[in-house]
Amino acid sequence: MGRPQLLLPLCASVSLLGGLTFGYELAVVSGALLPLQLDFGLSCLEQELLVGSLLLGALLASLVGGILIDQYGRKQAILGSNVVLLAGSLSLGLAGSLAWLVLGRLMAGFAISLSSMACCIYVSELVGPRQRGVLVSLYEAGITLGILLSYALNYALAGSPGGWRHMFGWAAAPALLQSLSLFCLPAGTTEAAAHKDLIPLQGGEATKLGRPRYSLLDLFRARDNMRGRTMVGLGLVIFQQLTGQPNVLCYASTIFHSVGFRGGSSAVLASVGLGAVKVVSTLTALGLVDRAGRRALLLAGCALMALSVSGIGLVSFAAPMDSGPSCQALRNASRPVGLPGDSSLPGAVVSPLPLPATSENQGKPVPPTSTKIKPHPRAGNRTAPPLPALGTAAPAPRSAPELALLHWTALVCMMVFVSAFSFGFGPVTWLVLSEIYPVEIRGRAFAFCNSFNWASNLLVSLSFLHLIGTIGLSWTFLLYGLTAVLGLGFIYAFVPETKGQSLAEIDQQFQKRRFALSFGHRQSSTSIPYTRIEVSATS
């Protein structure tokens, strides 16, 4: 590259712009869906197909992306994903039918999923231990900024003819800027050199001067404690989703409405307000991840998530919230709310990151002939009483001050939940995944864990309506709280502290420990014996 002083800012731009693209593509559909519904006459099923196609493309990338990353390199994978994203944006911007829209969303989902894996691995390998936590976590900060940017553009373009085409097209801008940064960075990494001059004293399976070869099946074998690493990676991504973070935010706008924000303002605050909380919390994580450490942030974040989501569940026992308008109800409403973030988004609950702007939809169409499901009171029937909480008995009447206190308590719990996820599971999960695997299989291992992330997201989202119909909304939130407690125990017992260690030191730390349980105690890299030998650089 010739200018080592530019390495850190260029790596920061790659990470930040990659996350910006991811967040923008994830949230932009919330503002585009309503005009698309009007232009193409989309049914509820077609809207679900359009929104869910992004998830399908992302899941496909998580299945094959690891091979591409390890085979062709991290930099080439990111550049290739940007080409796919540009093609997808072109398909979306020029689409004249639902088929072209779905194709564009599939390509966009594939691109952002592949890029997210390659970016985290690429940056983690290029920078040193002291900067790795901040620069990899910048990706999560970029996601939150991208979500906020999409809300702003959705609002600005909502009234313009064909505004949805511009909404989708602007996703190409950060991808192009990221590609320019990549052209100034090296294609490879000095990871091999870092491993060559570290020889384990206790005769582990690390190679002497050669490089080991791994297959995907090695992720489940005892060799180099790959089984323990895989348990850590899968545990983090699965607990990240089983805490219900995509689904809890489905009630964000309802909570804002319950504390007195009516009409479109509730959706504004649910999207922009929670988005701002996410940005502040993620920036806080950037300052703490290399000081407090990965493990401390995970433990603190998971504990706060358990308390806050349980608090929402307890509050909803005393002051139940309605279920929000359905897709069919919004289509039959006398007039739609004028803000783009308040549009119906049936597939919002299957997105890999929370989309606060889509918080008023359950994700399922309401059969028009059903006699058991009544229209929502805000969807045309102005005199209808509020719907009771799903699956819960009607509470005893409460005074207005008591209800106001309960509703504000739910709002505070929601803010704490969003904040805790944004400085815990949100950035740290992907940072740990980019650190714990050997370089030879890092791409495939990261992709393997990422596929479970998308699959568990889909499972949690699809089970949401069944849960609230079976055990009620309050017990569903309490179940998420219990899952967060289990996740807290998992982190304490199995997740190691990796701050301040090089990737080679982390690799040898895992090789020495045959059982991941031993990582439950804080340890320093100085306790791992190394000897450094001089290797002549004749090559």
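Each Cβ is built from the backbone N, Cα and C atoms, and glycine gets one as well.
No curator has checked TrEMBL annotations; they are predicted automatically.
Annotated in TrEMBL:
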type	residues	note
DOMAIN	11-499	domain 'Major facilitator superfamily (MFS) profile'
REGION	356-393	region 'Disordered'
TRANSMEM	49-69	transmembrane segment
TRANSMEM	81-100	transmembrane segment
TRANSMEM	106-124	transmembrane segment
TRANSMEM	136-156	transmembrane segment
TRANSMEM	168-188	transmembrane segment
TRANSMEM	231-256	transmembrane segment
TRANSMEM	268-289	transmembrane segment
TRANSMEM	296-319	transmembrane segment
TRANSMEM	405-433	transmembrane segment
TRANSMEM	445-469	transmembrane segment
TRANSMEM	475-495	transmembrane segment
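The transmembrane segment (445-469) is in contact with the transmembrane segment (49-69), judged by 3+ CB-CB distances under 8 Å for residue pairs 6 or more apart in sequence. Under the criterion of 3 or more C-beta pairs below 8 Å, with sequence separation of 6 or more, the transmembrane segment (268-289) and the transmembrane segment (405-433) qualify as touching.
Counted over residue pairs 6 or more apart, the CB atoms of the transmembrane segment (168-188) and the transmembrane segment (296-319) come under 8 Å in fewer than three pairs, which marks the two as apart.
405-433 is the stretch from 49-69, 231-256, 405-433, 475-495 with the greatest number of Cβ pairs below 8 Å to the transmembrane segment (136-156).
Ranked by Cβ pairs under 8 Å to the transmembrane segment (81-100), the stretches 49-69, 106-124, 231-256, 475-495 are led by 106-124. Within its own chain, the transmembrane segment (106-124) has Cβ neighbours under 8 Å at 11, 14-15, 18-19, 21-22, 25-26, 53-62, 65-66, 68-69, 74-75, 77-78, 80-82, 84-85, 87-89, 91-92, 132, 135-136, 139, 171, 175, 430-431, 433-435, 442-443, 446-447, 450, 454, 503, counting only residues six or more beyond its boundaries. Confidence annotation: the domain 'Major facilitator superfamily (MFS) profile' (11-499) carries a mean pLDDT of 78 in the model.
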